[in-house]
């Protein structure tokens, strides 16, 4: 299990300020080869000076020793102590060989809004700041703090840094005098080889064993043929090369010669190095609390203000002065910007292997899922658009709509008042526009599209499972959760009870059953309470709709009266959207507190519990009003002469004679599009506004001398990843997935809006990660976690809701019953007369009689209303036979629809294997090679006992250069 699993990507708290500044750094991707005497080396070496200082010899392969930092300060001292113990060479700015300097002026295009000099050509000298001063020890992590006079924080830092050195990490200090703001100090952390190897073995980190020799022979025929066809979506092979494909095995120091180690400095990637360092940082203690328990973790040090930030470094600048085609990449960050984050490459495939190498598996698998989901939306969006275009092309031929719009036909029907007293009679013709708009989303294509989308959801899930298994294997995280994941540091620190684990037989903390019951019971009660708050907010919106509808219908303005339903729907949807945003903000903090209270054993368990709480709340928050309009509005209003006044003695809302579907569409459109627009504003415009404001402020801070701007300070001034990080990104997409699937029968354009949003979203997220945010900790993940189960749940709910929308909300079923059971020529001629019942106005309740009746309605004796009721006779105002026929047809449609979709879904699951054949074979081959390597290693050990040299059995699996 991987010790480096952080408090999840997206759940950690970081505390630095988010100023956006000029990023100027050349940095070295590899240490330079030559050596010079340390005394001749300045404090900040020239970036083009290809010299380095001597280093102690590397530790032997046994790795038992710990390297000592002979050049850097003792990690137990603050920067002030280090200043007293070591003489520093001052940086000479504005001098030296100009050809060896790399200067950036106002003309540079990377964050050039922040310029720190008073001269006409404002110059900032670059320095190589990806390594320690020895130019050999790579910086794996940075800690930042402000040198305040708080003794308690100083003591915490001192203890923490002493403990880090005891763990084998090497620390080097940068005083606040070397920073631009003159108040922030930095601690650079380097992890030596023996510590990396030790933790790689502890965490079962899989490393390259031999090159994959099965690629070509297992490639499918179609895949092989398509590989020769040019594609505008492929990234140029001149810019980005495929990552090497290796068989891997868990790292073991005793079998180090079995692994492909060409260079110890590059054997572990930057992401792997930072994961190991973070694991040490997360488990190192810094003080004892009042109960004597150790307080641990760099996250707590950031939260209590002892450090202002903790982060790994980016690889350098993301913009180069040279063309990447002509000169190649400057560093991995530059490569990702040019091939992934740059707006101009929005139509290209994502370089997922390189994203994984730079940011880790957890972030890479999010982008893999988002890209796969976006690709799957193309056919869904095309079909949805076709359904909408079909509605546009045929809405003038819809007979019920034409009848409503005909003043000499059904449009001349006198309709019953829509509210008590203040509302009066009205002509059905006034609902003409409403019925036309409804037909755009309620036509014969809707049912077909709903079935297609149910199948689409099944195909998407099954094929994503295949893709996910492929990524799990390629990225060596297939067994992460079962074999590599360790206990959460917070869990170990907080729980005092211990027991022997039944599987590992190791002593570890555990939570007793009675304590779990208390914790989960408390959590459940609070969750139910807040879900009731959400429902109360929905009730308030419903009440607003009832009141505002009455007010609008009573208006003397004919325009307002004719558009009362639309106005009420739009304003209620906007109010509901604002309430949703407020409740999301509040509940996010409640869910975080409750999940911490439950004390989950592993980080995956913690994430899953938090995710479930947040999704449950947001599901109710976003969808409850839509569910009310789709399935409850107008169902319990009663009928003229017997209205339902159970809602605070208010008469409930009615649906338009054309149905409530257009109101569902309005609600979905405002919430879905509004949510996406707000997110894009936060991700595009808001950062730009903040950057402009901060850059204007920085320009006013005039400097009299040139500034040395280190890589760590450039990254320190980048924005922190939001506290919920990838969780918010996943939640946004999953809620969107709900809109695309659950209510697609009411809003066929949902997939199109989702597709357009996601094309932008992928590049926006990439741009943020590469250019705007500090480099996050590279966390590992096996899959998208509990989100896949949530997607399955949404898809199952979608089958039910779409069947119910078509059956009960849309007019599809009543029209079909009329066409084939009552129409003489199987047309919809006379459908409006069939679907509207007749009421004698003399039977009105006293409170329902209109207070003012226009002259044109002075002699009204009957009015029409929506429903199937008898008009006269002993069964007056009872349901007609047509009502029972339609109800039976609706229920039968739901049963047939759901069983058809379930069968087709099962068929897809049966026909599509979860793991591709190629991946199965590669997994078997890798297991075989891993066992073979273990056997040969054991043979080497036993060969001296047998008197043999072991040269034959002990040969390496493949020829390679070791070290």
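These residue numbers are counts, starting from 1, taken along the chain as shown.
Using the three backbone atoms N, Cα and C, a Cβ is placed for every residue, glycine included.
Per TrEMBL, the listed range annotated as transmembrane segment is 524-546 (candidates: 478-500, 501-523, 524-546).
Feature annotation (TrEMBL): of 333-355, 402-424, 609-631, the stretch labelled transmembrane segment is 609-631. TrEMBL lists transmembrane segment for one of the ranges 290-312, 566-588, 635-657, 658-680, namely 566-588. Residues 450-451, 454-455, 458-459, 462-463, 466, 799-800, 802-804, 806-808, 813, 816-817 of the same chain lie 6 or more positions beyond the ends of the transmembrane segment (887-912) yet place their CB under 8 Å from a CB of it.
Residues 568-569, 572, 575-576, 579, 583, 587, 590, 594, 613, 616-617, 620-621, 624-625, 628, 647-648, 650-653 of the same chain, all 6+ positions outside the transmembrane segment (524-546), place their C-beta atoms under 8 angstroms from a C-beta of that stretch. The stretch from 366-393, 444-464, 566-588, 609-631, 734-756 that makes the most Cβ contacts under 8 Å with the transmembrane segment (784-810) is 734-756.
Scored by C-beta pairs under 8 angstroms, the transmembrane segment (609-631) has its highest count with 566-588, from the stretches 366-393, 444-464, 566-588, 734-756.
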